[in-house]
Protein chains: 2
Amino acid sequence: MTTDAEIARAAVLRPIAEIGARAGLPADALYRYGPYKAKVSFDAQEALPERRGRLVLVTAISPTPAGEGKTTTTIGLGDALNRIGRRTIICLREPSLGPCFGLKGGANGGGRAQVVPQDEINLHLTGDFHALTAANNLLAAMIDNQVYWGNPLGLDPSRVTWRRALDMNDRALRDVVVGLGGNGAVRQDGFDLTVASETMAVFCLAASLGDLHERLGRMVIGQDFARADVRADAVKATGAMTALLRDAFQPNLVQTIDGSPALVHGGPFANIAHGCNSVVATDLGLRLADYVVTEAGFGADLGAEKFFDIKCRAAGLSPAVAVVVATVRALKMHGGVAKPDLGAPDAAAVRRGAANLRRHVENVRKFGVPVVVAINHFTADTEAELAEVFACCADLGVGAHLCRHWAEGGAGAADLAEAVAALADGGTARFAPLYPDALPLADKIDTVAREIYRADGVALSPTAVRKLARFEAAGHGHLPVCMAKTPYSFSADPAALGAPSGFTLPVRDVRLSAGAGFVVALCGDIVTMPGLPRRPAAETIHVDASGVIQGLF
Amino acid sequence: MTTDAEIARAAVLRPIAEIGARAGLPADALYRYGPYKAKVSFDAQEALPERRGRLVLVTAISPTPAGEGKTTTTIGLGDALNRIGRRTIICLREPSLGPCFGLKGGANGGGRAQVVPQDEINLHLTGDFHALTAANNLLAAMIDNQVYWGNPLGLDPSRVTWRRALDMNDRALRDVVVGLGGNGAVRQDGFDLTVASETMAVFCLAASLGDLHERLGRMVIGQDFARADVRADAVKATGAMTALLRDAFQPNLVQTIDGSPALVHGGPFANIAHGCNSVVATDLGLRLADYVVTEAGFGADLGAEKFFDIKCRAAGLSPAVAVVVATVRALKMHGGVAKPDLGAPDAAAVRRGAANLRRHVENVRKFGVPVVVAINHFTADTEAELAEVFACCADLGVGAHLCRHWAEGGAGAADLAEAVAALADGGTARFAPLYPDALPLADKIDTVAREIYRADGVALSPTAVRKLARFEAAGHGHLPVCMAKTPYSFSADPAALGAPSGFTLPVRDVRLSAGAGFVVALCGDIVTMPGLPRRPAAETIHVDASGVIQGLF
């Protein structure tokens with residue numbers, strides 16, 4: 001067995017009630033979707049004790065085409081913790097359909113470190129993203145509908161900022177004109193991928209169904225003719241949106257190939273949003289388990305920073321340990337090796353590229369969270385190359401552990417698990433966000449740019465300056481910032497790998513996500529509706545004669 | 001308890017495994033979605049014996065704003081058959097989200113004749129429509145994507161007929177321009193309600209997963225620069241579409257308040273498509289039960305005709321009995337009474353309006369199917385008014401039964417059930433479609449217009465004439481026709497209630513649904529994307545403090 005699909009299909013899945021029992025959930029807490037998926041009911045959640053588990057964040061070096069295996073490591077570490085007798089739940093974000101049809105698979109781990117059943121997790125899971133799409137588009141329909149029926153809110157159709165959404169990579173919908181043919185106000189509009197919608201960000205940051213309703217109501221959907229912000233509440237859509245999302249808001253329970261419970265729930269974009277699974281899933285995990293292993297999007301400069309400054313701040317979470325994932329291959333790319341040349345051993349390149357790892361480790365420590373490095377093993381890694389990574393970590397005073405969970409499942413990450421458990425139990429974490437709520441928005445951007453990206457400074461566009469002033473005047477100055485920057489570099493230039501310095505971070509525009517509760521700083525062009533490639537994966541996906549879906553992952 | 005919602009909520013639901021057992025399904029045949037919904041697995045379906053049940057169609061007089069209660073009667077009759085010891089399964093179409101947010105509720109029965117759990121059935125059920133939306137839009141994305149990447153198929157962007165879909169009443173999306181901003185070919189496009197898509201029609205007429213794949217591949221999505229039809233297969237989307245639909249294609253099992261098993265699956269529009277639940281659900285019912293009660297869309301002129309000529313023809317079904325539902329209130333409207341005046345007794349109006357009932361009964365008999373009339377009782381009905389309906393039925397030689405299932409559940413339709421069972425068991429049905437496959441398309445339209453609508457003839461537009469010739473030349477002449485006409489009148493004039501005659505049926509255009517397997521005749525303007533009203537129901541839908549959804553139905 002060599003492919004992820006073959007391994008996933010050969011896995012013997014346990015009934016979801018058995019996984020629920022491992023997680024500490026009685027059978028009647030589970031709202032089942034077939035034999036291997038369930039939602040955890042609100043009633044069961046309410047009956048649980050307070051949070052007691054220790055929160056472990058898995059993050060990574062700056063991503064490269066070589067692959068780092070952050071999700072794989074999150075799963076492998078969770079499996080390993082369970083194997084060494086630590087009751088652990090894994091929390092992951094749900095995959096979007098878009099990438100499944102465009103490239104391949106929803107990034108739910110690989111090798112022997114996967115969440116299963118993969119087909120179902122990739123395609124619809126329990127329908128959460130469909131519910132989010134519907135809720136997002138109900139609001140859009142009600143916005144245009146009130147304009148059609150005499151526009152009692154005085155909404156300026158040319159200043160509607162709320163966009164429609166689909167969970168489908170559809171380039172042709174990026175920029176559209178709606179309302180033609182006498183069907184209301186003709187105006188420019190566009191579709192975002194559902195995961196890039198504020199509806200998704202709100203869903204993932206809401207602490208309860210009531211909080212979800214309030215946050216949806218706070219979302220700004222455009223401006224009226226007097227240039228005042230109009231909120232979703234004014235459109236009277238948020239009750240029905242909450243009704244559409246009620247069932248979806250319950251976290252999904254699935255399992256890893258190793259049999260660990262995994263909560264797979266919510267999945268916002270990691271650029272214009274914060275990029276991690278729902279607060280309610282993390283909260284549920286912390287109330288059930290001794291350890292919760294979760295991941296953040298992209299590299300630590302974006303993913304971990306947002307995890308700490310946005311999610312942990314909003315949800316009152318206090319992480320105990322952070323794992324920074326690196327691979328020899330990826331460090332070689334950060335050290336200047338091109339992808340076609342990755343096959344050749346090059347310890348010197350690893351040494352150069354380790355500057356990227358070093359900076360991420362230093363950054364995570366700034367949040368008061370102890371760090372350990374996971375080296376996700378590839379068979380072609382040489383001893384000399386690995387020695388460079390260990391040397392870098394020794395110099396940093398950070399533990400480093402070679403992990404073989406891809407090939408071996410949880411057993412391959414036992415050393416990492418022991419180290420993580422020891423750090424978590426050591427109680428050395430002194431978590432604090434990078435900046436206080438009270439700092440002005442521009443200073444928050446500046447702080448992240450200097451402290452995390454190591455920029456010399458920030459160049460705010462005149463538009464950004466003007467809008468930040470407007471946001472602060474409107475009472476949004478206390479919000480954290482959500483940086484939308486290329487994940488491939490600490491700088492805004494995706495080609496500047498390694499650990500660039502001496503640059504200025506350009507911020508061309510800013511956007512308010514008042515419901516999610518952050519201000520997005522756009523440092524470059526951010527695609528919120530991807531397109532399909534010339535040869536989409538969808539062309540080869542099919543159901544075979546036995547009813548098995550082939551080509552999906 | 002007076003409202004449908006109160007009655008539905010007070011109902012004590014049985015675990016879905018118990019309902020499955022009543023239907024003859026072992027527990028492992030059920031892929032459960034929570035305690036009260038399940039899909040019936042492919043494996044279990046394949047293990048069943050051949051069809052053996054008797055098929056009962058519930059249809060109605062021409063619909064009026066007074067309400068006829070066709071779905072309510074379908075449910076009440078099914079409950080009543082079970083009560084008198086006949087093993088019966090009810091087959092219904094799934095509701096669309098669109099009407100739920102626009103007006104109110106998904107038309108899943110009322111009073112004590114409802115399918116439950118209503119909230120879940122109305123909102124997402126098991127996600128079938130979301131899967132259909134995704135499949136439909138994946139094809140759309142792949143069409144525009146291949147144009148973007150050099151257009152290897154030579155598709156003429158201005159002749160793409162495939163439209164996108166959403167399960168949301170969104171007027172602003174009826175007519176849009178896509179591909180702006182350098183994102184491919186700029187072209188006019190539009191969104192249909194998901195239930196109005198050919199994807200939905202195909203889903204509901206496919207006999208198996210393999211047939212679904214083939215039908216999806218046959219769908220015509222536009223023309224190339226040489227004006228030749230381009231099929232979905234050429235876009236290489238149909239494998240992935242089938243993968244998206246695989247789980248959705250399994251029929252959904254729910255229950256009535258009375259505890260009858262109900263298969264709620266698929267729901268195509270009744271104008272540009274055939275308007276009844278999936279073939280696979282009906283087939284499953286006939287393999288499990290002694291009697292299957294199902295319904296067709298609109299009145300018998302459209303719904304029953306399409307049920308017989310499209311669905312039964314395609315699926316080899318042979319109905320044993322048809323029930324025509326009428327109400328005194330609706331017959332009064334057909335007799336000329338305006339809605340505000342319906343409160344006043346008016347036997348003469350009922351007598352005049354009974355002409356509508358008479359014609360529908362005569363029409364159904366033309367298909368060789370024995371008929372019985374169900375008078376859906378309203379408390380304000382007077383004896384004199386009811387006597388007019390009975391007199392009309394006596395004159396026709398058709399049984400008529402006063403039904404109180406709305407107030408009493410299955411017990412209120414026991415007489416109807418006895419009559420239906422007797423007719424079904426009598427073996428008098430000699431079902432045949434109205435016209436043979438070999439008849440030319442224009443003659444098929446003419447036959448339906450004269451025989452069913454009682455038109456003097458058909459006026460085909462020059463466009464329709466030209467396109468019918470093209471369809472026949474392309475080998476589609478054997479297909480049945482699907483009439484898209486106002487449901488409110490036998491004619492194309494919605495104001496001509498009762499039993500109009502002496503009119504010509506205008507056919508302004510025709511459309512090929514090559515995958516579904518019919519040619520649509522458009523007799524007037526047909527809205528395939530409804531709009532929301534001035535005060536959408538969505539404005540008052542909300543989740544209350546107990547987590548219960550209010551205002552939905």
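If you go along the chain as it appears here, the first residue is 1 and each next one adds 1.
Every residue gets a Cβ built from N, Cα and C, even glycine.
Heads up, TrEMBL stuff is auto-annotated, nobody curated it.
Copied over from TrEMBL:
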type	residues	note
BINDING	A:T64, A:P65, A:A66, A:G67, A:E68, A:G69, A:K70, A:T71	ATP binding site
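Around A:A66 (ATP binding site), the same-chain residues at least 6 positions away in sequence with a Cβ under 8 Å from its Cβ are A:T327, A:R329, A:A330, A:K332, A:M333, A:K339, A:L342. Counting every protein chain shown, the Cβ of A:T64 (ATP binding site) has 23 other Cβ atoms within 10 Å. Comparing the binding-site residues A:P65, A:G67, A:G69 by how many other C-beta atoms lie within 10 angstroms of each C-beta, the top residue is A:G69. Non-local contacts of A:E68 (ATP binding site) by the CB criterion (under 8 A, 6+ apart in sequence, same chain) comprise A:A60, A:I61, A:V325, A:A326, A:T327, A:A330, A:N376. Of all Cβ atoms in the shown protein chains, 24 besides its own fall within 10 Å of the Cβ of A:T71 (ATP binding site). In the three-state DSSP scheme, A:T71 (ATP binding site) falls into the helix class.
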